[in-house]
Amino acid sequence: ASLLQIFFGFFFDRVKYTKSLLFTMYVLEAIGVSLIGISTNFWMFISAVFVVRIANSAFHPLGASMAGEVGGRSVAFFSIAGTIGAALGPVFISLYVSHFPIESLWVVSLPAFILASFLLRLNIPNRTVHNSKFDLREVAKLLPILLVVTVRSFLMSVVHAYTPIYVTKIRSYSISLSGLLITSGMIAGVFANYLGVILMETIGAKKQDLAAFIGMGLAIFWLISSKSVLPIFISFVLFDFFGFLLMSANVVQAQKILPNRKALASSVAMGFAWSLGDFIATGYNSVFGNDVVLSLGLAIPVAFVASIYFGVVQKFDTK
């Protein structure tokens, strides 16, 4: 779904009728969630999940481009809303499965149907569409953004995958602490998303990249050196804070590079780069995955090398 996001971005830059697109995405997600609950076999279940993921993937470049037409800080608010949803998701899921059967998932989809109907009543302005001929060299300009987001995604994927295992298997704490860590890190990301855009506008992308990757590396080192709950908690939250500093800022940077193709730029800086980072992390995990501390520890030099390359060596900057 994330790999396909770049094709959604390319398509949405040529479509100005946003209301109908948003309505379709919400309805598809609602239908998909409902079908998950009533699936009678494996393939029906997988198809339902696929519908939900594709609709969600398509929403990202469209939403980010709509926010980008208002301004960079609006992109931050767009990301903040998504981060809040991701942070509350595990809490909601835990409460739901404790009290309701999966067959009742159609109830969860009702708000999406209601929101889709509400959208039809709103006066949503059409997007500005530029019918200039597509040039592959335009996308090549996004390579610095693609690289930095891919590395950030790799680091966050590794740390988010192994920290719960580190907490429960290595330090012998309860799994509830792992859930609290993930949620708390995402909440820290809410504030970091907005601050990241302000930092980028103030000090530029290079200095921001330098600070963010150094911070991520130091936070990982503190994490694997910690034995008690408080330093584990603080180090993980700091890691997410530094990681999310770049999230909205990278999207804003991409949109400034391709101002006439905001959806395409957003898709490269979001789902496409995220998926590349996750794919690299999958290969990394298959090699080092049996040694949790080593897997986390080797991410530290990756973060420091990234800080030097993106923060010092490369020429791309926004100031």
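Placed from the backbone N, Cα and C atoms, the Cβ positions cover glycine too.
For reference, TrEMBL has these:
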DOMAIN    1-127  domain 'Major facilitator superfamily (MFS) profile'
TRANSMEM  75-98  transmembrane segment
TRANSMEM  104-122  transmembrane segment
TRANSMEM  142-163  transmembrane segment
TRANSMEM  175-198  transmembrane segment
TRANSMEM  210-226  transmembrane segment
TRANSMEM  232-252  transmembrane segment
TRANSMEM  264-286  transmembrane segment
TRANSMEM  292-313  transmembrane segment
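Here the transmembrane segment (264-286) lies next to the transmembrane segment (142-163) in space: the count of CB pairs under 8 Å, restricted to residues six or more apart, reaches at least 3. At the 8 Å Cβ threshold, with sequence separation of at least 6, the transmembrane segment (175-198) comes into contact with the transmembrane segment (75-98) through 3 or more pairs.
The stretches the transmembrane segment (292-313) and the transmembrane segment (75-98) do not meet in space: the count of Cβ pairs below 8 angstroms, excluding pairs fewer than 6 apart in sequence, stays at fewer than three.
Sequence-distant contacts of the transmembrane segment (142-163) (same chain, at least 6 residues past either end, Cβ-Cβ under 8 Å): 178, 181-182, 185, 209, 212-213, 216, 220, 223, 236, 239-240, 243, 246-247, 250, 253-254, 257-258, 265, 268-270, 272-278, 280-281, 284-285, 292, 295-296, 299, 302-303, 306, 310, 314, 316.
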